[in-house]
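Novice: Reproduced below are the annotations present in Swiss-Prot:
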| type | residues | note |
| --- | --- | --- |
| ACT_SITE | HIS135 | active site |
| BINDING | HIS17, GLY21, LYS25, ARG265 | 1D-myo-inositol 1,4,5,6-tetrakisphosphate binding site |
| BINDING | ASP170, HIS172, ASP259 | Zn(2+) binding site |
| COMPBIAS | 388-405 | compositional bias 'Basic and acidic residues' |
| COMPBIAS | 415-428 | compositional bias 'Basic and acidic residues' |
| MOD_RES | SER424 | phosphoserine |
| REGION | 3-316 | region 'Histone deacetylase' |
| REGION | 388-428 | region 'Disordered' |
Amino acid sequence: MAKTVAYFYDPDVGNFHYGAGHPMKPHRLALTHSLVLHYGLYKKMIVFKPYQASQHDMCRFHSEDYIDFLQRVSPTNMQGFTKSLNAFNVGDDCPVFPGLFEFCSRYTGASLQGATQLNNKICDIAINWAGGLHHAKKFEASGFCYVNDIVIGILELLKYHPRVLYIDIDIHHGDGVQEAFYLTDRVMTVSFHKYGNYFFPGTGDMYEVGAESGRYYCLNVPLRDGIDDQSYKHLFQPVISQVVDFYQPTCIVLQCGADSLGCDRLGCFNLSIRGHGECVEYVKSFNIPLLVLGGGGYTVRNVARCWTYETSLLVEEAISEELPYSEYFEYFAPDFTLHPDVSTRIENQNSRQYLDQIRQTIFENLKMLNHAPSVQIHDVPADLLTYDRTDEADAEERGPEENYSRPEAPNEFYDGDHDNDKESDVEI
């Protein structure tokens with residue numbers, strides 16, 4: 001039975017710019033939406049122009065001082081904020097750029113609205129490719145992330161859902177989400193990521209399992225360089241199957257960071273777009289309400305391909321291998337296909353023995369779980385949001401240029417030899 005899918009897209013979210021040479025490119029969201037539009041996938045979803053999160057919404061997780069700082073700081077006044085910039089870890093990886101707070105408000109509002117719609121059973125699946133910024137902490141920015149829309153979305157889901165499962169397939173450990181829910185059994189966090197050799201953020205060892213009420217409700221799958229589709233699937237499907245069976249979540253949040261693909265500028269895995277998509281399809285197969293978010297992904301053309309393909313899987317619509325013509329068509333040269341070869345020469349350092357050892361440790365930890373912990377009945381606060389559906393029936397009639405504008409920064413896609421990549425001095 002086909003699911004009702006809600007899709008959140010803000011036409012301005014792709015126009016923000018972290019700065020020259022910065023690997024995080026919000027422009028990838030405009031490319032993704034353009035493909036979703038030109039493949040006709042929007043016809044299979046309810047399309048919303050999302051709510052913009054307020055300071056109050058953000059302070060459901062973050063400290064007031066930190067959010068107040070994000071709202072006030074700008075490139076023109078940042079000299080007066082030296083102490084705060086250091087205190088809140090804003091600077092190199094997380095620069096101050098024009099419209100910073102507005103950018104956070106837009107991607108966070110979409111995740112929050114997605115959670116509210118799932119709570120109110122308006123949809124079965126909610127998609128916000130602009131969200132998934134999993135490194136942000138209560139008191140500080142981290143790893144290109146300022147406001148943790150995932151934590152804020154999960155807090156909204158917890159008003160109605162006794163147990164929320166969070167799954168993270170970004171190449172980086174979902175440290176901000178893990179930290180937020182480390183002491184509770186209401187949220188189980190499961191992160192598959194590269195671990196070791198000082199890889200950012202340096203957390204996510206198998207032995208980080210949660211504490212107090214949350215002991216064993218935190219699960220980490222530390223992987224080595226070069227993991228391919230087959231090895232990843234060998235771990236992902238049995239682990240997620242067991243977790244769902246033991247924990248019995250009433251809602252799932254899936255962070256789909258695309259930096260776990262081969263050929264990512266900051267990544268060292270070897271997943272194909274199909275292999276990445278298979279994880280999304282597998283999570284969908286449990287038929288549990290699902291909030292799907294973006295995350296990392298720094299080879300822009302492949303991020304757009306990946307999230308478009310995953311949108312097609314979520315709406316159960318087969319799409320052609322040849323990309324439809326769009327105003328961004330030249331970005332997808334030379335092949336102009338949905339599934340180019342993204343494999344690299346990086347050797348798969350995840351031996352069968354290593355993967356089996358991880359599996360065994362994880363399954364032993366899962367046996368320690370209290371099956372499906374229950375929650376006392378409580379009063380549910382009123383929803384923070386009232387919102388209007390964007391009637392997208394006229395999307396075909398509008399010219400593509402009316403749907404999104406190109407970013408002002410000419411170097412948004414590639415900055416040449418000075419661009420930061422994995423050899424650079426910016427630690428990712």
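Here the Cβ of each residue, glycine as well, is placed from N, Cα and C on the backbone.
Distances, neighbours, how buried they are, the whole picture for these features please.
Specialist: Listed in sequence order, SER142, GLY143, PHE144, CYS145, ASN148, HIS172, ASP175, GLY176, PRO201 are the same-chain residues six or more apart from HIS135 (active site) with CB atoms under 8 A from its CB.
In three-state terms derived from DSSP, LYS25 (1D-myo-inositol 1,4,5,6-tetrakisphosphate binding site) belongs to neither a helical nor a strand segment and is classed as coil. Cβ contacts within 10 Å of LYS25 (1D-myo-inositol 1,4,5,6-tetrakisphosphate binding site), excluding its own Cβ and spanning all protein chains shown: 25.
DSSP assigns HIS172 (Zn(2+) binding site) to coil, not to a helix or a strand.
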Novice: List, in sequence order, the same-chain residues at least six positions removed whose CB sits under 8 Å from that of ASP259 (Zn(2+) binding site)?
Specialist: ASP170, ILE171, HIS172, LEU266, GLY267, GLY295, GLY296, GLY297, TYR298
Novice: Including all protein chains displayed, how many Cβ atoms other than that of HIS172 (Zn(2+) binding site) lie within 10 Å of its Cβ?
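Specialist: Excluding its own Cβ, HIS172 (Zn(2+) binding site) sees 29 Cβ atoms within 10 Å.
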Novice: Near the Cβ of ARG265 (1D-myo-inositol 1,4,5,6-tetrakisphosphate binding site), how many other Cβ atoms are there if near means within 10 Å?
Specialist: 19
Novice: Cβ neighbours within 10 Å, counted over all protein chains: which one of the binding-site residues HIS17, GLY21, ASP170 has the most?
Specialist: ASP170
